[in-house]
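Asks: Input: one structure, supplied below.
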């Protein structure tokens, strides 16, 4: 008997149910989403507008610049040796990211596509290290670098990356796992060495994953403040941009327009990098294995 | 043609840096810290040269330290307010709102939220500071409206740092939830709607059970992330006024590096680790309870 009944078509019914209220609902939901999104933009707009105000107008009730003082972006370079700080930041982020790639890509391959005893244990250790709040090891590491007489430089921040970075190893391993084993086996069958498999098969195929890992580590190091504060604060020549920026506020009279101009300059590279590589970035996040 | 197999020790060379990294920057320091927490080690003075073993002294001191109790409470409050409630719920709301919506709007909203996340924490801290401080913009606006301003960072420092952290961190939860929601079968939702379930009931009874694992994993990740937040708070309020926003990372930095009490600072770091473990245990339990 049931066979006689017409099959229910949920999809069609769903569409019908939307019917008349559909349009209003569409407008309402999109407006709410857009409004929420714009709220995230407000602090940024505030920073950018203040950056081009006169010192007198900054932090007043007048939120829109009376005259656009673009010269602020030039003045900050005269007020502080920003180029030195920029150099330090680039040294930290650039060398750390490059070093991370050289050391973490092979490790991630060994964790993803080679079989060996202790592999799971090693991976577990990497994940545990990745989750550890940095404060727990801050003191012993500081003493270690102090003993090596490297505090006051960016090297305590860079050197660990030459050995790898836990989060990057994790991310790369997750990515490498998505490359079908068959490709690896085929390359091996053709007599490719393991280094060859890695360089000629895995790396080209995992380019988006590697780009994401590089992007994350560049942004993380570029934005890092705790590390540079701990190690470089004692010597102003070694300051990164983030430490220099924070010191702006400690000065006897804060010129907020200039401080914000410097802030814009510091966040610009991060923002541009993000806009250029947005897809890679989002893909990398959803790839951190949170699914399932 | 003979099929080449990877050598028995092919895994070793690529893993050497990682093992060094684990030994030098994870296991070694943890063991060292675990030992130091039981000594009276200091950054300078006689205890720096020749630290003595003092047993549970640091932890006994921690137990009676009103500053530590305060910091634990503030850390829990900060984590609960900004991660569990703020980032998690707002991230889910954004993900649900944007699910199967207009591509353009989706892209714009997504970009705005994620942009806040790639910026340095210090930018968030500066923006909030300039806006909320005593002679900041908010007060200037209030004054022109004929209202009495106040130093918001003094009267509501926790609210300020929670807002700052929600602003910065929501993107992660949103992206994770967007990915999870795209796995939810549309047919299921349609069937529920045909059966008369409204949007809230559909979310609660259909969507949430499916993405529950993701929610718990996400909660764990953002919690561990949030209990360690330092920069935002340090730049915005420095833990003040007094100790009104001094969470554990700030207390630890203060004791270990400002006062040079390395051993006590390390003990505080372990308390921080304990708080993280406690949160994780709760999530793990919640995940198991309903299966």
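The backbone N, Cα and C atoms fix where each Cβ goes, glycine too.
Note: TrEMBL annotation is automatic and uncurated.
Heads up, here are the entries from TrEMBL:
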- B:73-97: transmembrane segment (TRANSMEM)
- B:73-283: domain 'ABC transmembrane type-1' (DOMAIN)
- B:109-132: transmembrane segment (TRANSMEM)
- B:152-168: transmembrane segment (TRANSMEM)
- B:219-242: transmembrane segment (TRANSMEM)
- B:262-284: transmembrane segment (TRANSMEM)
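Could you give the neighbours, burial and distances for every feature on this list?
Replies: Listed by sequence, the residues of this chain that lie at least six past the ends of the transmembrane segment (B:73-97) yet keep a Cβ under 8 A from its Cβ atoms are 109, 113, 158, 161-162, 165-166, 169-174, 176-178, 180-181, 203, 207, 215, 218-219, 222-223, 225-227, 229, 233, 245-248, 272, 275, 279.
Listed by sequence, the residues of this chain that lie at least six past the ends of the transmembrane segment (B:152-168) yet keep a Cβ under 8 A from its Cβ atoms are 74, 77-78, 81-83, 86-87, 90, 116-117, 119, 121, 124-125, 128-129, 132-134, 136, 138-139, 226, 229, 232-233, 236-237, 240-241, 244-245.
Among residues of the same chain six or more beyond the transmembrane segment (B:262-284), those with a C-beta under 8 A of the stretch's C-beta atoms are 33-34, 36-43, 51, 54, 58-59, 61-62, 68, 71-72, 75-76, 79, 216, 219-220, 223-224, 227-228, 248-249, 251-253, 255-256.
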